[in-house]
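Positions annotated as transmembrane segment by TrEMBL: A:12-30, A:62-86, A:93-112, A:124-152, A:173-190, A:196-213, A:220-245, A:251-272.
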Amino acid sequence: MEILTYAFMQRALIAALIVGITAPAIGIYLVQRRQSLMGDGIGHVALTGVGLGFLINSSSAWAGPVWIATFVAIAGSVAMELIRWYGKTRGDLALAMLFYGGMAGGVMLMNLSDAGSNANLSTYLFGSITTVSAQDMTAICVLAALVLAITVGLRRQLFAVCQDEEFARVTGLPVRLLNLLIAVTAAVTVTVAMRVVGLLLVSALMVIPVAAAQQISRSFAVTFALAVAIGIGVTVTGTATSYYVDVPSGATIVLFAIAVFVLFTLLAAPLARKRARAAAGGADGCTLEVPGSRAPADDVRV
Amino acid sequence: MEETSPPRSDHPVIALRGATASLGSRPVLRGVDLTVRAGEVVALLGANGSGKSTAVRSVIGQVPLTGGDLTLFGTPLRRFKEWHRVGYVPQRTTAAGGVPATVREIVTSGRLARSRFGLPRRADREAVHHALELVGMADRAKDSATALSGGQHQRVLIARALAVEPELLIMDEPMAGVDLASQEVLASALREQVARGTTVLLVLHELGPLEPLIDRAVVLRDGCVVHDGPPPEAVGQHALPGHDHVHPHADDTAPATLGTGLLS
């Protein structure tokens, strides 16, 4: 395994593993409340943060692009959550505005800065896992621990809020706070995954493993575990593949994830048939034996 | 701990006085008085758009009141924190979300009003099982909610509200789209709750199989109470067993229906 002897590949594989765990872990809640594309929106907003990071061009660890992107993404996701509360009527338009504004802002700021170039931009857009530095690793590990603590530790509460928000409010849970927590956690996950799959493909890793897992699972717990397992599987194999075959890591990971989705979809039909047979359990001939109909007694008289 | 009212105090469980509320620019409640005392079973009746759903949703704080006042168990809604005393069945056609979840997982979420941020204990699991048995869904506990029929979805939603072992049960059209067999199951589950002294407020489009349980009916029309007393007798053909109440209500409902269709 010569792949493991290079420090940059060790970092790449660990980063991939972390993203494989965290992205589906928060993604499942977004899918549950039917906001699969929220990750995409946050990704666009985070680009402005990356641009800002380059413009400031500070060398201190706490003002690097990853951290600034995190703060801007959090601000953007909180803004989206506020729009969801207060602007019910034209919420989708306001969100679209935020998406495109974030993208345009990122490109603009990046070009204004000295360090920014198109090549630099594309490493954030599409990911560049082998350039993850030791400094990035610290940030990624700290943020991932936070994401995991929230998504696993508060799974019952987050499940209730994402399943039926109105009902959750009547149970007395702090629904607004939990919604904000989901938004912030999603934003943090986007910036964690940014270097691995890129901002444009982050959302794929939040949604596709969940979509694949729910093809064959019946419970939330199994869907969660399976989605994380798929996430780990595709990110690690995708990263290893990109080392051996020299293809971009982000695109490889996403294509692997889609392959898993297709495979699980194909498996779903026979599995459902098998479960149906097991449930029927020898209840053959459930149609009632109907006695022969009576013979007509007489003609119709008017 | 300030003035925690004992379960059977002389406070009414729900006291809504002069309540006004509007959705957008349209007034939906125009001074509604509604008092529900401990142990009572009260049905809110009315045509589509009469404000009955809004009245119930304002009781649980989902629709803000623009005027009047509301107390739950003697505590003003703003300061009310004891949500574990309230079980709520929202108006839904499905219990499923965007990700598969088992019947037990959904019903367990109703228990959060008691367990909150703590770990689920044995009492929680037992309450969930008991709630599932009450609605006759214990054998489907491990099944995915997406595989259920309409009536079974409704039974799951009711089990979720019962899991918290509420003193007050609020149900918004629990019989909508439910077949006769499920209606019977729900009626017997409700009968058991009432026998245990649970207070019930339910929104109904018609009395149906729950009629014998109901102590009092409050009829709303255009956001005003037009009847508060014993359930109105069905007359003529409406009183026949098996009569299905399907005809549309006349005149005043047309614009109102448009209004609530968006929010109910």
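Going from the start of the chain as shown, residues are counted 1 onward.
The backbone N, Cα and C atoms fix where each Cβ goes, glycine too.
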Same-chain residues at least 6 beyond the ends of the transmembrane segment (A:196-213) whose Cβ lies under 8 Å from its Cβ atoms = 15-16, 19-20, 23-24, 26-28, 30-31, 36-40, 42-44, 46-47, 50, 123-129, 132, 186, 189-190, 222-224, 226-228, 230-231, 234-235, 239, 249-251, 253-254, 257-258, 260-261, 263-265
Candidate ranges A:62-86, A:173-190, A:220-245 - greatest C-beta contact count to the transmembrane segment (A:12-30) (under 8 angstroms) = A:220-245
Outside the transmembrane segment (A:62-86), six or more residues from its ends: residues with CB under 8 Å to it = 38, 41-42, 45-50, 52-54, 56, 94-95, 98, 102, 124, 135-136, 139-140, 143, 176, 179-180, 183-184, 186-188, 190-191, 194-195
